[in-house]
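Annotation source TrEMBL lists NADP(+) binding site at A:Arg46, A:Lys52. Summarising the annotation, TrEMBL assigns FMN binding site to A:Arg123, A:Ser124, A:Ser125, A:Asn235, A:Ala236, A:Gly275, A:Lys290, A:Pro291, A:Thr292, A:Pro293, A:Ser294, A:Arg316.
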There are 4 protein chains.
Amino acid sequence: MNSFGMKLRFSTFGESHGKALGCLLDGVPAGLNIDEEYIQSELDRRKPGKSKFETARKEADKVEILSGVFEGKSTGTPIAMVIYNTNQKSKDYTNIKDVFRPGHADFTYFHKYGIRDYRGGGRSSARETAARVAAGAIAKLMLQELGITVLSGISEVAGIQAEDFNYEGAKKSVIYALDVNKEEAQKAAILKAKEAHDSVGGVSRVVIKGTPVGLGQPLYYKLDAVLADAMMGINAVKAVEIGDGVLSAKVHGSQNNDQIRANGFESNHSGGILGGISNGEDIVLNVYFKPTPSIFKEQHTVTTANEEVDFSLKGRHDPCVAIRGTVVCESMAALVIADMILLNMGSKMDGVIKYYK
Amino acid sequence: MNSFGMKLRFSTFGESHGKALGCLLDGVPAGLNIDEEYIQSELDRRKPGKSKFETARKEADKVEILSGVFEGKSTGTPIAMVIYNTNQKSKDYTNIKDVFRPGHADFTYFHKYGIRDYRGGGRSSARETAARVAAGAIAKLMLQELGITVLSGISEVAGIQAEDFNYEGAKKSVIYALDVNKEEAQKAAILKAKEAHDSVGGVSRVVIKGTPVGLGQPLYYKLDAVLADAMMGINAVKAVEIGDGVLSAKVHGSQNNDQIRANGFESNHSGGILGGISNGEDIVLNVYFKPTPSIFKEQHTVTTANEEVDFSLKGRHDPCVAIRGTVVCESMAALVIADMILLNMGSKMDGVIKYYK
Amino acid sequence: MNSFGMKLRFSTFGESHGKALGCLLDGVPAGLNIDEEYIQSELDRRKPGKSKFETARKEADKVEILSGVFEGKSTGTPIAMVIYNTNQKSKDYTNIKDVFRPGHADFTYFHKYGIRDYRGGGRSSARETAARVAAGAIAKLMLQELGITVLSGISEVAGIQAEDFNYEGAKKSVIYALDVNKEEAQKAAILKAKEAHDSVGGVSRVVIKGTPVGLGQPLYYKLDAVLADAMMGINAVKAVEIGDGVLSAKVHGSQNNDQIRANGFESNHSGGILGGISNGEDIVLNVYFKPTPSIFKEQHTVTTANEEVDFSLKGRHDPCVAIRGTVVCESMAALVIADMILLNMGSKMDGVIKYYK
Amino acid sequence: MNSFGMKLRFSTFGESHGKALGCLLDGVPAGLNIDEEYIQSELDRRKPGKSKFETARKEADKVEILSGVFEGKSTGTPIAMVIYNTNQKSKDYTNIKDVFRPGHADFTYFHKYGIRDYRGGGRSSARETAARVAAGAIAKLMLQELGITVLSGISEVAGIQAEDFNYEGAKKSVIYALDVNKEEAQKAAILKAKEAHDSVGGVSRVVIKGTPVGLGQPLYYKLDAVLADAMMGINAVKAVEIGDGVLSAKVHGSQNNDQIRANGFESNHSGGILGGISNGEDIVLNVYFKPTPSIFKEQHTVTTANEEVDFSLKGRHDPCVAIRGTVVCESMAALVIADMILLNMGSKMDGVIKYYK
């Protein structure tokens, strides 16, 4: 239940304020160059405390590989990676020990399990996503060998929408903004919310380039369905679109169909997926993040004994969880595509024969 | 790859114009009353040809139970159900034998498998969803015993949005419209598109009432993630929202958080799910269907030999696939909840001890 | 729970005296020639009533393919096969309705599920293995394309052991005897037990020839472990050996190790598997079947109300379940190897790159 | 592929001479007391270097829990445990860098993956079983709460068989001998082989007491099949018996059936499992270990370049791998039973209703 993927299987462990968090990545083909610096650089993109648009919690997020790599190459055995927590301030959380934070998983974990590690949200904290980024980095290394790239950026903050999607530009922006012309307004919206002890929502846009035709296992491990699963499972995500998404439901078939010519599709309303299988076009996703539920404004809530209290949260929190979340979207997308690459091998009998000859 | 669910595992088989389609439902607890009339009545809600808003293909969709039921009760063994195809007109499809229909899975199946059953879309046809409805009906029977109900209806057609959500009303509407005041306009939009040899998109809204707190297995079999997977995997779906969905990304935390009082939550922006686990409120989903890709207007496409042709489809197709699709959304939601009900047993040690005492 | 395999996934349904039994085979590569006559011929090898060494129940065991095959070839979609029951004599079983047969699953099914289809053992009947043979036949067709063959025969009946293993000879023997010199003694033991209203145990020996090196996924989907799972899961099996098996535990390392020369291994004590992975030698299994528990001698038992009774079974039963069981062993072995063939694709990064180039 | 179990899911990582090995245990019910001293005591039973009957490699095998436990109790989130390697002598292995040890997984790993961590066998080393014991200890803690115990001991070494099975006595024996009257002869056989630079095989007998009726999920996750999978997957195991096992195949039904009286079964030839489901009697397994393949006698082998060499191994190895292996058998058995306990919840509809009321 803490695992994802079928052939490239990814499992995570760890709590926000426990000793460590980490992951197991099982199914990486042997012989892949495992560039540890690249993995760390991916973690650095997600790590907290890099700017005023993020939480003040500082974590080095140093990843250590415990297994599965020998002399710089994957061996086909599971790759375990661990990240020790170093900047826990568990005391920050004593005031939430017996209180449910509105919008948070506190309430549901407590009722499901009858016990919860309340420090920083425990397992439900987005801190766990560091492990996803570590695994995603290895998936990206694998995809690189096949000419597949996964890119993303922030297309919308607090309703301010990008009109241009510049993925290279996004890499250089501290809020990973896709549209340089909207970046300042988006930043201002974040800071304004932060000053008001509040938070804002945002949207990540992900594009996957270079996928072969044929990825996705119908009918219940479809590429779009698994991407939706992967994205909706990221903390704070409340909606996922493939291609034109919501808009598709408003238009006519003649507008939405991507007509075909000998050199390819004339448009990409489908977002690169037909019948759950990649068609070779760019795969395009929009991922909608709610505003961080952890805000400092006073709110109504109850204690674990169901007593009503008016509660003001303390601690360190991201004012817009979508920002660092976009890196996690990329990681999950990379893991999904790498899994599908491996699963697709064996779809055709002649491919099987060729492989074993 | 043609299976869904972990403890209640559901697998389907069959093609649009093959001998039969059907499903296997494994993991149904023993001793459940299997009301065959109810199962058939659910299939009748989805079956084609009931009105001018649907395809003209007439199928009785009579379901036959082959196993797993003894003297009217489930025995704990797999329930196999089969629906024989009776109204195939395979000849309708000879003109698409070597042509890819724009917006359709023709292209991707052909390239993935090197072979395709072109008759009516073969396996990629929405006809397969009849099997989902049969399985979903059994899931609903199981949920009924626990006081859980799954409801749905059409909230939007061609951009015309419901302002009121009347699930009981929707049951009586031939287009399952949730808002009686919008129904005529929605119907008119469908017919207008149909007359123009075109199709329209639509939105299904699903609500699940009566779920206990605690459903959903973090972190990679979360309730929202699995619902997103289930819905996105339905033919023609391009976006899924949980609760406020897309809107959540535009607002502030103080607006989006559901504050808590002793007798429950003050609002339900979250759509009944926090941290991937049900919180006891109504679970609310919006499912966005693209317009049926099979339209009669002439379109650009290519043959399997990649020759460009201008192509006009023949055959019988739904002008708005969302209409019958809403029944499928309900079925998949019921299957997900029933699976989660079973998976959740064993979350707490004292629950395990109680079960075995 | 009624499924087996990871990439080639096989699910069965049906009860001994229900309408039908059958299976779903998911993951068959597209483009495989599906020779229906061959599938039927495999079922004919297992079907009951062929000789006096078997049960007198006569079933045609005609298999019908419902999906997944188009113009004689697999399409990559699930292949559903159904076998209708035609020679049920449910009345034979009214006397066991409220009684547990010693050695049978009656007792455990009743207590696990609180309900059981008592007719012919319901789901627990070895009749279900017809579905395994149908699926196994398709696995064999797939293995054939790769030069892999699965053979078997009876090596022991009632303690009378083969000293020679002639797999071609076994095909012609009505009891699938491997050693023609022991066949008459083995037959006599079966008939003697039958006349005494009793039954006898037996051993099936399976050999798989032509497997490439590298099949098996360590450490928890090892080839030997999965074969043991597959064989132990067959009705009446109580022990499984790989290679020298039990004997290995009695000898020294210097006797048991297979030393290696440039042209291969000097011996095959390991039975073709090292560290859970095939080494290219013949894979050898011994599968031990207990005597059929359904005997006509009077035995002590209790009713479902726990009242003691002395009970004499009626009906039609195999005097030595190992005979027809050996065909099932072959089928399961073929399914395991085919699954491993598909799973192994993707073990090496250079293999992945080659596949997609 | 490095995971085991369905509801209690167990994954391991690590190589013999890497930084660390460990495991993830997912699905432990929340609220279980996690007694770390007990877990360590289980590891101590398996750890090497305790006597002259074991390898001389000394490892503290100190286990550290990284997640999933809060204030001494399980929280329902994955429990990660890590054991750092401290006594690697990788230099011992430089002479096998390019050579395949007969009887070892060297050959198959190299060919499957094209790369191998040759130090101490890398992933294929039995050192990995330390992680199984850590996970098994938690499973045992869970079973304890339900009154279920798993016991084992050595019943046979080099063909010298126990005639009495004293599980309490075995706990005190350095070779875990079940029969104190055979212990000295068994020890002498081990030392004699060791002095001859050779090794011996042995047999572990496992008994599980106190299981409820109903464990095991037919037809492809049967209790006996999964136990066979678990045992055959342990390093060096070549045969598995349930109950009378091999003997069952030699006798008559009237001898092998366990007749039933109001207060229970009159015998236990079945080993506590009927139709793949536990019947409430003791579950009995025999697990056959081959002799350690790593011996110091000169043997024929080839290099990775397929050049023939005569090879004498160096290093530190167990003369009888069954001894420490019996602890691993217990651990795997405990993991299987705990998984089945959780899976069985939901078999009956009235149990489901009771759980949620």
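Cβ coordinates are placed from backbone N, Cα and C, and glycine is handled just like the others.
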C-alpha spacing of A:Thr292 (FMN binding site) relative to A:Arg46 (NADP(+) binding site), in angstrom: 16
Residue among binding-site residues A:Arg46, A:Lys52, A:Arg123, A:Lys290 with least C-beta crowding, 10 angstrom cut-off: A:Lys52
Subset of binding-site residues A:Lys52, A:Arg123, A:Lys290 within reach of chain D (CB-CB under 8 A): A:Arg123
Separation of alpha carbons, A:Lys52 (NADP(+) binding site) and A:Thr292 (FMN binding site) (Å): 15
Under 8 Å by Cβ from A:Ala236 (FMN binding site), same chain, sequence gap 6 or more: A:Ala126, A:Phe289, A:Lys290, A:Thr292, A:Pro293, A:Val321, A:Ala322, A:Gly325
DSSP state at A:Ser294 (FMN binding site), helix/strand/coil: coil
Rounded Cα separation (Å) that holds between A:Arg123 (FMN binding site) and A:Lys52 (NADP(+) binding site): 25
Cα-Cα distance, maximum over A:Arg123, A:Ser124, A:Ser125, A:Asn235, A:Ala236, A:Gly275, A:Lys290, A:Pro291, A:Thr292, A:Pro293, A:Ser294, A:Arg316, record's FMN binders, Å: 44
Coarse DSSP state, helix versus strand versus coil, of A:Lys52 (NADP(+) binding site): coil
Cβ contacts of A:Ser294 (FMN binding site) (under 8 Å, same chain, 6 or more positions away): A:Arg101, A:Gly103, A:His104, A:Ser199, A:Leu313, A:Gly315, A:His317
Separation of alpha carbons, A:Ser125 (FMN binding site) and A:Lys52 (NADP(+) binding site) (Å): 20
Among A:Arg46, A:Lys52, A:Ser125 (the binding-site residues), residues with Cβ under 8 Å to chain B, listed in sequence order: none
Neighbourhood of A:Ser125 (FMN binding site), C-beta criterion under 8 angstroms, separation at least six: A:Glu15, A:Ser16, A:Asn235
Count of other CB atoms lying within 10 Å of the CB belonging to A:Thr292 (FMN binding site): 27
Local backbone state of A:Ala236 (FMN binding site), from DSSP in three classes: coil
